[in-house]
Amino acid sequence: MKARFNGLSAVKIFIYAFFGIFLIIPLVSVFLISFTNEPVNIIGSFTDPAIFSTTIDKLKAINLENYRKIFSNAGYLVSLKNSLSLALVVMVLVILMCIPLAYGIARTNMPFKKTISALCTIPLIIPTFISAYAFIIMFGRAGWVTYFYELLGGEGMLIDPYSKTGIILVQVFFFFPYALWPLVAAFKISDVTLEEASLNLGAKNWFTFIFVTFPLAIPGIISSALLIFTVSFSDFGTPIVLAPKDLNLMVVEAYREISGFFNWGGAAILTVIMIIVAALFFWLQHILTKGKNYGSVSGKPKQQKMVTNKVVTRSLSVYSFIIVLVPLLAMLSVLLQSVATTWGKDLLPSGYTLKHYQTIFSTSLGNIQNSIVLAIGALVLSVVIATFVSYFVVRQNSAKMDFMTSIPLVVPGIAFGIALIQTFNVAPLQLTGTAILLIIAYTIRRLPYMVRSTMGAMRAIKQDIEEAAINLGATPLTAAITVIGPLLLPGIAAGSVLVFITVLKETSISILLAPPEWAPMSLAIFQNILRAEYYSAAAMSVILVALVLVLQGLANYIGKKQRL
Amino acid sequence: MGSVIIENMTKQFGDFTALHDINLEIQEGEFFALLGPSGCGKTTTMRCIAGFEHPTSGKIKIGEKEVEKIPANRRNCGMVFQSYALFPHMNVFDNVAYSLNIKQLNASNPVKQLGIYARLLSKRLGRTPKDIQEKVMKILKYVELEQHAMRLTSELSGGQQQRVALARALVMEPAVLLMDEPLSNLDQKLRHSMRNTIRTIQQDLGITTIFVTHDQEEAMSMADRVAVMDKGKIVQIGTPTELYSNPLTPFIADFVGTSNILDIEVVDRKESNGTTTLKGDSFLLQSANTIEKKQAKAIIRPEHIQVLPYDTEVNKEEVNVLEGIVLMSTYLGPTVRYDMRVGNQEIIVDTTYSSGTSIFEEGRKVKLSIEYGRVLLI
Ligand SMILES: Nc1ncnc2c1ncn2[C@@H]1O[C@H](COP(=O)(O)OP(=O)(O)OP(=O)(O)O)[C@@H](O)[C@H]1O
Ligand SMILES: [Mg+2]
């Protein structure tokens with residue numbers, strides 16, 4: 001069909017402009033600033049000839065000096081090394097920890113399998129900085145684990161939460177579900193006939209596992225490992241709470257450069273490196289999983305023999321419980337702290353009260369409101385954009401748009417935040433410190449989830465339904481609003497809950513971009529933790545997690561209804 | 001209402017030419033069928049008329065007006081899709097009312113438009129105006145669906161869905177009605193009754209109709225005229241009788257009805273009684289038709305061959321008489337179909353069957369008589 005200009009083309013242009021201004025230009029500017037070492041106003045260059053000429057001058061002066069400095073600035077290099085090694089350790093630990101768990105869920109009849117699977121989703125709904133904070137309550141100087149440890153004759157702390165070890169532990173215990181489900185899938189697909197052949201040849205079960213089952217699951221394992229690496233590398237919540245002064249990590253370093261020292265060049269270089277590393281690992285993972293749709297490898301579901309050996313299943317079950325117990329105890333600790341009068345170095349608080357909740361409802365209700373308003377804003381914007389994006393991708397095969405809207409997946413939140421600050425802190429689009437930029441940032445960052453969800457629903461709508469509407473006189477835009485839109489609703493609803501939840505949990509963007517009058521819950525909790533107001537931080541965390549839980553329940557409910 | 005004229009239309013998809021130089025002239029009020037095997041370009045032709053595809057070259061005129069610049073939503077062609085394409089989130093009434101609502105929407109100012117959008121998205125947000133309601137109910141009554149108006153389309157039978165699709169296209173009073181294999185999803189019986197329904201409605205409204213099908217029986221029984229397509233070209237246009245009695249090519253002879261197509265050689269042209277003598281594979285035939293070529297094909301419809309007991313006396317001066325052996329007989333209700341061997345050739349013969357006549361059993365030697373006029377030459 002010949003391209004004709006109509007309402008839809010206008011929408012398409014709007015979406016490209018939106019992403020161009022709020023994603024591409026910021027990324028390009030960070031990239032340029034990493035060379036120029038001083039602010040570059042790209043948007044201004046388009047509107048003001050004077051700015052344009054200074055920009056050109058700055059670009060003319062580009063050199064690699066700044067990049068050379070990284071290798072001389074020990075701080076940056078060390079932070080890169082630290083971040084990489086942290087992500088590497090977390091990756092290895094998570095995989096080692098998850099393999100038995102995944103095997104237990106995929107291939108055995110271990111007791112309490114359902115309960116364990118359900119508990120494994122807990123870590124995903126908790127923002128990492130709250131998990132980190134929970135670890136302080138448990139393992140800190142006045143933590144109850146420390147109390148136990150000393151009771152048993154230990155000295156000082158069992159593990160110092162404010163250390164690399166602390167960060168690793170939090171990430172391992174709160175990120176493992178990201179790897180778990182792909183691993184379960186990997187174990188489920190391994191070829192039963194091969195395993196049976198091995199057993200028939202007289203091989204023992206453990207021998208079969210090591211030499212047949214395990215190797216078959218290796219691609220899945222590597223892919224999960226890469227995913228964990230990216231997640232750990234990009235995580236901001238844990239390090240910002242737990243990283244000690246002498247532990248340089250990319251995310252923390254970048255945050256300090258921009259918010260503490262206003263060192264544009266330094267922040268930009270760190271941002272660029274972060275994006276490159278995250279993108280590289282994301283890409284590696286992508287090419288590994290490409291063309292491997294685990295669910296539908298073979299048309300008919302294979303009859304898999306479940307391991308029923310009591311010793312194996314029971315020990316796997318105990319092992320799994322220990323793993324899920326850690327996040328569970330962490331959350332219980334936050335819950336207890338939120339209702340404690342005081343909780344010193346003791347097993348339990350010395351008394352119970354609801355006054356922290358009262359305090360929150362009298363002084364911090366604004367933060368809750370802000371969170372909800374911001375999340376709704378991001379939600380509405382995402383729904384509108386995602387609906388049209390999936391339309392263009394599915395109906396018009398717009399690969400460009402598909403690619404563009406996937407970019408946010410590889411940009412760590414802190415990097416995106418820095419890019420936005422550097423782009424929008426000057427006229428003509430001075431948006432830094434406004435709720436609008438915050439909402440836009442949330443939207444762009446979470447749009448890929450929304451798009452995935454609506455795209456699935458869009459694929460299910462046949463082309464001729466839309467043609468029928470046009471044939472009956474509707475313009476493409478009217479058809480999109482009156483026919484496509486309503487049919488997409490289930491997909492939109494599912495995506496919406498996800499966006500809402502992730503916006504509530506969002507840490508890095510909130511901390512970097514939220515102005516005081518628009519501080520959402522996550523920022524309020526973060527500030528409370530920094531100010532050591534642990535009790536109100538705990539109460540606010542409980543409210544946040546409760547909100548997320550309710551929404552997650554809603555999402556599951558919608559999902560179930562859809563499947564019926 | 002209007003005529004549809006297509007001039008020199010060609011459509012290419014990349015390197016592939018789906019339509020070669022199509023020329024059609026469809027009269028106002030005519031029921032016109034596009035007939036052809038799968039992949040011959042019927043749907044593409046129709047989609048070009050509806051505006052969903054744009055011809056690579058050539059012209060389309062609807063009601064004398066060139067439509068090249070008119071987008072699909074303003075062509076006023078009512079289309080019935082093969083899959084019906086009913087809106088699954090709307091009930092029967094709303095499906096049919098859609099085009100009327102859109103018409104109102106397009107004629108309103110932006111503020112009113114918001115109201116109409118709201119109404120289209122949720123019934124609670126507004127009522128459908130009286131005049132639209134009346135029009136919709138009238139057409140639903142017409143297709144005998146008024147008592148199902150509030151049902152979801154998924155709760156209807158195939159035939160009912162078909163009628164909703166028809167009503168939805170008709171309610172906008174289109175200049176032309178386009179139907180793409182509308183009956184192919186229905187079972188045999190329903191297909192027959194829907195043929196009558198569609199034909200009756202078309203006659204009633206006098207609406208110009210283009211009907212796409214690959215089922216020759218459908219085309220022949222419903223249409224005023226039929227265009228037979230093959231590999232992106234139109235091979236013949238004519239009334240069903242013209243196509244049947246005068247197929248221009250063996251392809252049409254075969255496609256339109258069943259035919260015996262025999263390779264023959266013209267051995268003699270007699271001027272006196274106007275017959276042509278033909279030499280077949282192992283027999284001689286006389287035809288009342290003439291042809292210039294030496295190597296040609298003779299077309300004989302199965303029902304134009306009579307089967308007689310072997311001992312019947314026939315006057316060989318007036319009809320062709322051949323000897324055949326019954327290979328197989330198939331009882332088809334009112335007719336019996338025989339597969340026969342004549343010389344080295346196999347042919348099909350259809351005879352009307354009425355109680356009392358006997359069926360020739362397999363292996364039986366018979367005589368076949370064919371009138372000279374029934375032997376067509378191509
Ligand atoms: N969008 C397209 N891109 C490329 N080729 C196409 C496209 N649409 C149709 N074709 C090709 O054009 C030819 C004609 O297709 P068309 O759909 O018109 O056939 P048809 O006569 O309707 O067949 P059927 O009876 O199977 O529906 C086919 O060979 C088809 O593969
Ligand atoms: Mg077709």
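Backbone N, Cα and C atoms are what each Cβ position is placed from, and that goes for glycine too.
As the structure is a computational prediction, the values presented were derived from the model and not from experiment.
These features come from TrEMBL:
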type: DOMAIN; residues: A:80-285; note: domain 'ABC transmembrane type-1'
type: DOMAIN; residues: A:368-555; note: domain 'ABC transmembrane type-1'
type: TRANSMEM; residues: A:12-35; note: transmembrane segment
type: TRANSMEM; residues: A:84-106; note: transmembrane segment
type: TRANSMEM; residues: A:118-145; note: transmembrane segment
type: TRANSMEM; residues: A:165-185; note: transmembrane segment
type: TRANSMEM; residues: A:206-229; note: transmembrane segment
type: TRANSMEM; residues: A:261-284; note: transmembrane segment
type: TRANSMEM; residues: A:316-340; note: transmembrane segment
type: TRANSMEM; residues: A:372-394; note: transmembrane segment
type: TRANSMEM; residues: A:401-421; note: transmembrane segment
type: TRANSMEM; residues: A:427-447; note: transmembrane segment
type: TRANSMEM; residues: A:468-489; note: transmembrane segment
type: TRANSMEM; residues: A:534-558; note: transmembrane segment
Review point. Okay, the transmembrane segment (A:534-558) and the transmembrane segment (A:427-447): do they have at least three CB pairs under 8 Å, pairs separated by 6 or more?
Key: no
Check your understanding: Do at least three C-beta pairs under 8 angstroms join the transmembrane segment (A:12-35) to the transmembrane segment (A:401-421), pairs 6 or more apart in sequence?
Key -> yes
Revision key, fill the gap. Among A:316-340, A:372-394, A:401-421, the stretch with the most Cβ pairs under 8 Å to the transmembrane segment (A:468-489) is A:372-394
Study note, to complete from the structure: If one takes Cβ-Cβ under 8 Å and requires six or more residues beyond its ends, the residues near the transmembrane segment (A:401-421) are 12, 15-16, 19, 22-24, 26-27, 29-30, 230, 233-234, 236, 251, 254-255, 258, 267-268, 271, 274-275, 278-279, 282-283, 389, 392-393, 432, 437, 441, 444-448, 451, 506-509, 511-513
